[in-house]
Amino acid sequence: MEKDELTYHVPVLLKESVDGMNIHPDGTYVDVTFGGAGHSREILSRLGEGGRLLGFDQDEDAERNIVNDPHFTFVRSNFRYLQNFLRYHDIEQVDAILADLGVSSHHFDDSERGFSFRFDGALDMRMNKRAGLTAADIVNTYEEERLANIFYLYGELKNSRKLASAIVKARNGQSIRTIGEFLEIIKPLFGREREKKELAKVFQALRIEVNQEMEALKEMLAAATEALKPGGRLVVITYHSLEDRMVKNIMKTGNVEGKAETDFFGNLQTPFRLVNNKVIVPDEAEIERNPRSRSAKLRIAEKK
């Protein structure tokens, strides 16, 4: 793996996830979170002459990592449009779909992108820099109740109402544009011993709202269910409870709400069988090499 790709993002659970795709040399595969190309390169190394891989990423920075391989096609798009682009490329069904839902190290470490509270910079957080809504737009324009709901639902923050109130009060004087200005408002609401964890939750909540992550994930999972061949694999790495719940539900019941449908006779109609009944997590060696992998959970299901 080249240096640029390693600095962009270290692939998490690389062997476990690609093994879980059950790759055949002449199969058709999709990596819906191309990023630093770590998983994609491993998939390509297992393909033969008839094999094909599509890699999705909405971030223009990921285009620097495009793989020069005749079996690879890069799709610059949000993975919520999976089905549209499969049709565009004349692909009816695929053999496996991989999604690593973690934010790339590149995003956290680039101060201009605004994903981390470790750096000052614009309060941005857009995965797609061409998209309109930024984190600054949210904190400056959303009503107090809506802000509180975002922090409660997407950050699971107990003091969501206090946060929203403090933000609305502060912005009455002047707009909040930088991470530094934002931290001055919210830091006093957290105790020093839990400050980093709570700030991470605030930034997670804003990032999810900016990028419509839950809506996009729901649409991608539904599209993946339709796109997979019988025997095809859905392989997903999650990093927080909100996305993990959706993935677990669709694999167990066929929808993200977790409500399994039944046929006329009351038999459960579930599209998948679980390949791993217990989630796969990084071992201590991987966590030591890549601390950001600590919260990763890998789930694998096979289409019936």
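Placed from the backbone N, Cα and C atoms, the Cβ positions cover glycine too.
Counting every protein chain shown, the number of other Cβ atoms lying within 10 Å of the Cβ of Ala37 (S-adenosyl-L-methionine binding site) is 27. Annotation source Swiss-Prot lists S-adenosyl-L-methionine binding site at Ala37, Gly38, His39, Asp57, Phe79, Asp100, His107.
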Packing count at His39 (S-adenosyl-L-methionine binding site) (other Cβ atoms within 10 Å of its Cβ): 27
